[in-house]
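To keep things clear, I will list the structure first and then write my remarks on it.
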Amino acid sequence: MKTLLLSLVVLTIACLDLGYTKTCFNDDLTNPKTTELCRHSMYFCFKNSWIAGGVERIERGCSLTCPDIKYNGKYIYCCTRDNCNA
């Protein structure tokens with residue numbers, strides 16, 4: 001009976017997927033950098049950087065897809081590891 005109960009507990013934990021949530025750096029030029037927990041469907045961390053008024057602007061966060069559009073000098077970087085968008 002204990003074996004059956006233990007098996008059910010292990011199966012429940014495995015089915016709930018209690019483990020992994022991706023973390024990405026967020027916001028812009030904060031020091032120290034802050035992170036956010038991404039929602040379950042967010043697979044990518046991104047970093048957008050561009051020059052506006054002679055000042056570099058940076059935006060970071062979680063994303064469902066990896067945008068690959070580069071326009072007007074804007075650089076977009078995507079990655080899939082935790083905190084890889086430094």
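Glycine is no exception: its Cβ is also placed from the backbone N, Cα and C atoms.
Lifted from Swiss-Prot, the feature list:
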type	residues	note
SIGNAL	1-21	signal peptide
DISULFID	Cys24-Cys45	disulfide bond
DISULFID	Cys38-Cys62	disulfide bond
DISULFID	Cys66-Cys78	disulfide bond
DISULFID	Cys79-Cys84	disulfide bond
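Structure with Swiss-Prot features highlighted.
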residue : record         : DSSP (3 states)
Cys24   : disulfide bond : strand
Cys38   : disulfide bond : coil
Cys45   : disulfide bond : strand
Cys62   : disulfide bond : strand
Cys78   : disulfide bond : strand
Cys84   : disulfide bond : coil
Listed in sequence order, the residues of the same chain lying six or more positions from Cys79 (disulfide bond) whose CB sits under 8 Å from its CB are Phe44, Cys45, Asn85
Quick check for the class: what is the C-alpha distance, in angstrom and rounded, between Cys66 (disulfide bond) and Cys84 (disulfide bond)?
13
Given a 10 Å Cβ-Cβ cut-off, pick out the one of the disulfide-bonded residues Cys24, Cys66, Cys78, Cys84 that has the most other Cβ atoms nearby.
Cys24
For Cys62 (disulfide bond), which residues in the same chain are close in space, meaning a Cβ under 8 Å from its Cβ, but six or more apart along the sequence?
Lys22, Cys24, Asn26, Glu36, Cys38, Arg39, Met42, Phe44, Cys45, Phe46
Could you tell me which of these disulfide-bonded residues, Cys38, Cys45, has the greatest number of Cβ atoms within 10 Å of its own Cβ?
Cys45
